[in-house]
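Database features, via TrEMBL:
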TRANSMEM  A:21-42  transmembrane segment
DOMAIN    A:73-280  domain 'ABC transmembrane type-1'
TRANSMEM  A:77-99  transmembrane segment
TRANSMEM  A:111-132  transmembrane segment
TRANSMEM  A:152-177  transmembrane segment
TRANSMEM  A:209-226  transmembrane segment
TRANSMEM  A:261-279  transmembrane segment
TRANSMEM  A:309-331  transmembrane segment
DOMAIN    A:371-561  domain 'ABC transmembrane type-1'
TRANSMEM  A:375-397  transmembrane segment
TRANSMEM  A:409-431  transmembrane segment
TRANSMEM  A:437-454  transmembrane segment
TRANSMEM  A:498-520  transmembrane segment
TRANSMEM  A:540-561  transmembrane segment
């Protein structure tokens, strides 16, 4: 049990206090933005500072499936399906190769399944527009030079789906790799003993056991792609392709802004994501029979024979497309003093190389401010999120306080809120509240704390659930009160995971763009916003240089986290 | 210290785990709560230590009222001075062995020097004298359970509780540790409650055993009495007795014998019970009370059935036979070596009427609960 134990009659009231206070905070942070969004979607006016006005109307919803909305919705669906299919194919193949074959350089193959996570999809989009824009795209220049009659155009639906496929493959990889490598090999050995060939073992035993992981990763990937904002915005705009998130952004930036319609689309998008989550929940509930025992098994390895190097080549080409080529392109773009390239030879013309773009970016006060802002926001999110998410997890899993079930529901609610929509809801919520937070970094901090609440909460929850309640109960029977047992037993046991979850929050915050799009002002830009602005303003070389610096910062933090805390858990959402 | 559990119920939502249970434990006594999973034994024990909040009743340890629903008294677990040894050992992995054992003393603000001495004594007692500075996560299961025992002993608890402490250990270690637990408990004169579903463990450890089912105590007795006179077929079955059959008892004849009919396909069994029952009953014949004969016994014998040996096993001290006779599958144990029977041999099975126990069927007894 380990509830907060107190004797006497006063207990009833003191018990209401902790959850009551927490729920009040969560209501303002999570529920109010959702409420404001719904409110804006059914009225004809926008929330203004301190006042809620407007007449009730459902006309925005009737516009949802007409004209530009309909095509944005269709694009969202197409990109979601195509991107998911591609990323599943890539991730599944890599997982199989790394977990079950004797492919050369296994450790490298495994790493290549994860590394692209650290290239944010924003940077990926910037890089691929350098590589495969029609005409001057670097790959097109190379193709022309070697006589390949192909003209790549990344600003198309297949192009955008391709970029999604590349950068969301790691999610499928992680889930499927986990299922494949943790499966008890005796299950497959038993199939062999009872007469199944390798192929039939795979079909009747291995595949059915991995199926839940495959299905879960498909649903997860689809949800992430559907809500992604930077990729369709940066790559779709030149070709006039909108998805729902990018369309919301354009509506809000139109003159005058069509806020109510944007809100209605936001509600629609939220409903879609919510449905996906329901499907995912059901799948996970059925997943109980999985054979994952957490024991270190040595899974059965398939000998590839002469196919070894072919498989290796496929794995290597993925990491080339997802990481090496993009970074090389960004470097090329940012080092050139002269952007025009007439032929392949120009790539190697050292005379035009220089660090002008980097110095320009580093000396740009906008970039400097953004760097400082990103660090401040990241650290504050790490602190505030670490405390808030851990407190929530503790109350839900380690007390019997009334209202704790509600805390759990609210903790997971932001999962259903696409980041752009969350940003919109936050904007209006803090218009309404009599606290002048808009225009400060604090509103970004709060938005990020909410955005990453599901991840922060579940990572602390998982580690709390792994602590056997007997460990705390035995502290009680040994004479420790609730506070002492928390400080001497529970906290020391989860400290490592709280710290690693806080570091994950730092990395996620530094990467985040979408949740900030409606909340920043010229005083409170963060790094991702600055890169986005460079791209939007057409200064590609500067965007490339900033992307490289940005990736270096992210990489450094990830490395430090890994080095000092063994944190390998990759960030699981966000752009 | 004397423990009194009075009319305690434990409820989880609509599910009642313990129903108005009463139990008195004398100072220095070891009571074993025995029963299948879900019978309420663990909930009862956790109510005594204060990890579970009963929905009604009172619990007193010594002179202190620990729990009284009516008076809103609920002393938290950390102030009850009740020690507990957990099934999962519950050894804190981030502390050394000595830190684990010393934890209760740290909570009681015992001075360092005295604490160190008492920890050393406790570790000595459980045979881990040299293990104090080891990390607790590096121990084997048996060692962990010894540390858990030392941690419970070091606080000099008023009552010591054991929650299936041996169920995660292998058979040999289990017996060894079981005897050590009994030894330590008796030497220290500790009042103890021990929860298990293993009847052998219960009989070997207990001063008294409480057999539980569906949240109530079905029978509370010394191990000997329990084994000799199980209160009903559930107790007999749970204590591992075989040869239990359901039947209907006829009214006893003047000489005290009565005939019990099983069904149409099987012969009646003649019993002679001290306190005869009638109507729906269970009858139980202990394997060692059955006799095997190669030839039909000459004497006029009421219960002789011919049958076939279907399987047998030699256990060193005794041999166990499975005999199919008169539509019954009977377990028979003989201690005489050299019976020289084989599978498929024809035999005659005999039992004296006074060795046929007649027990109430479960659920037909008006009051299943043992009065406290």
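Along the chain as shown, the residues are counted starting at 1.
Cβ atoms here come from the backbone N, Cα and C positions, even for glycine.
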For the transmembrane segment (A:261-279), what are the same-chain contacts with Cβ under 8 Å, counting residues 6+ beyond its ends?
37-38, 40-42, 60-61, 63-64, 69, 72-73, 76, 219, 222-223, 226-227, 244-245, 247-248, 251-252, 415-418, 420-421, 424-425
Using a Cβ cut-off under 8 Å, which residues of the same chain at least 6 positions beyond either end of the transmembrane segment (A:409-431) come close to it?
23, 26, 28, 30-37, 39-40, 46-50, 226-227, 229, 245, 248-249, 252, 262-263, 266-267, 269-270, 273-274, 277, 389, 392-393, 396, 437-438, 443, 446-447, 450-454, 457-458, 512, 514-519, 574-575
Are the transmembrane segment (A:209-226) and the transmembrane segment (A:152-177) close enough to be called in contact, which here means at least 3 C-beta pairs under 8 A that are separated by 6 or more residues?
yes
Given the cut-off of 8 Å on Cβ pairs that are 6 or more apart in sequence, determine whether the transmembrane segment (A:309-331) and the transmembrane segment (A:375-397) share at least 3 such pairs.
no
Per the Cβ under 8 Å criterion, with at least 6 residues separating them from its ends, the transmembrane segment (A:21-42) contacts 52, 56-58, 60-61, 259-260, 263-264, 266-267, 270, 388, 391-392, 395, 403, 406-407, 410-411, 413-414, 417, 421-422, 424-426, 428-429, 432-433, 446, 449-450, 453
Which range wins on Cβ pairs under 8 Å with the transmembrane segment (A:77-99): A:152-177, A:375-397, A:437-454, A:498-520, A:540-561?
A:152-177
What residues elsewhere in the chain lie close to the transmembrane segment (A:540-561), defined as a C-beta under 8 angstroms and at least 6 residues from its ends?
118-120, 122-123, 126-127, 129-130, 327, 329-331, 333-334, 336, 339, 357-358, 360-362, 364, 367, 371, 374, 500, 503-504, 506-507, 510-511, 527-528, 530-531, 534, 567
I'm a bit unsure how to read this: which one of A:111-132, A:152-177, A:437-454, A:498-520 has the highest number of Cβ pairs shorter than 8 Å with the transmembrane segment (A:375-397)?
A:498-520
